[in-house]
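Chemist: Questions regarding the structure given below will be posed in turn.
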Amino acid sequence: MPETQFFEHSLTLSKKSLPAKQTFPARLAYWTFGDPSSPAILLPSCYGGTLANTLPFLYDEKAHPSPILPPSRYFVIITGLLSGSESSSPHNTPAPFDGPNFPHTTYEDNIRLQYALCQKLGVKKLFLYAGFSMGGQQAYHISALYPSFVEHMICLAGSARTSWHNWCFLEGPRHALTCSKDFHDGNYDPKVGAPAGTRAFSRVYSAWALSQGWFREKCWEQLGHKDLETYLEANWSGFGDANDLLRLLWTWQQGDITLYYPEDHGDLAKTLGRIEAKCLIFPSRTDCYFPPEDNEEEVKHLKHGELRVIETVWGHLAGGGSGTKEDTEYIIQEVKRFLEL
């Protein structure tokens, strides 16, 4: 793996951030592969993601024997979300922005920071911006905020606006964490964390990440687990820093590309129509967060949009390459077709 680099930038937070319009000394963690003169691709991280697990099957021969976006042909940039991953987050930022004092950042903050990084790297236009989950939402946001900057965008298991159902789902794990005995309003010992809270958060989250069909077919057995409890203990017993989880969740809940154009008055169809990029919108059939029905409506209003659906029981996780081998190969082949590779 390459050495993690950090782009330090004095970021003026968006008017929807908390606190609004505050200047924040942001550090954007990123990797680069390939020649900067090659067509540029940006892959942003997702909720709880890291640079290392951000869609490696698309570009890394260690993750796939024949990656379709190899660094020998493309300049690949991987970035981490604020409030999570290796970028500025509650767990790694010194006072006065540490822990519960870390600002509530928006997708706009992330996109403006990524755009500034691209300018520093000499990238005048992105050949492709592709992301999964919160990364997929970022794909919509950069395409709306900088319409002429993105040639192709791929939204894997994401949406242009966080639906009310999605928002409400996130309230479940959020309350499980904030009501835990060791959360202490975010003022827990960072060396100890809030393990009871993050465990509760993970268990509430677990059922939503997959699908009813996944549980009906006992798919944990495909992963080598003898029963569901063994699977849950191994995979959903607590992940990440509690304050990181909550700040990143807040970003997710505020996702709405219409906020960039007040004159659209919240009309999503109108804002979608502003996007110039060629768009591949790619949900999972059984995604409980970002159902394909929402994406079907979005594609109707994109100038250059097409929809493909992963037919799988692996729910939301399939969109990031954590479904079956067949699910991931379908993603790869459709991306290859879309980009005319």
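Residue 1 is the first one shown; counting continues down the chain.
Backbone N, Cα and C atoms are what each Cβ position is placed from, and that goes for glycine too.
Predicted automatically and left uncurated, TrEMBL annotations should be read as such.
Per TrEMBL, the feature active site, nucleophile maps to S133. Feature annotation from TrEMBL assigns active site to D287, H316. Sequence annotations record features per position, and here TrEMBL assigns domain 'AB hydrolase-1' to 72-161.
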Chemist: Would you kindly give the Cα-Cα distance separating D287 (active site) and H316 (active site), rounded to the nearest Å?
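Modeler: Rounded to a whole number, the Cα-Cα distance is 4 Å.
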Chemist: Looking only at the domain 'AB hydrolase-1' (72-161), what is the model's average confidence as pLDDT?
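Modeler: Its mean pLDDT is 97.
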Chemist: About how far apart, in whole Å, are the alpha carbons (Cα) of S133 (active site, nucleophile) and D287 (active site)?
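Modeler: Checking the Cα atoms of S133 (active site, nucleophile) and D287 (active site) gives a distance of 10 Å.
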Chemist: Would you mind splitting the domain 'AB hydrolase-1' (72-161) into helix, strand and coil residue counts from DSSP?
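Modeler: Going by DSSP assignments, the domain 'AB hydrolase-1' (72-161) contains 30 helix, 21 strand, 39 coil.
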Chemist: Have a look around H316 (active site) and count the other CB atoms within 10 A of its CB, chains all included.
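Modeler: Other Cβ atoms within 10 Å of H316 (active site): 27.
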Chemist: Give the number of CB atoms, excluding that of D287 (active site) itself, located within 10 Å of its CB.
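Modeler: Within a 10 Å radius of the Cβ of D287 (active site) lie 29 other Cβ atoms.
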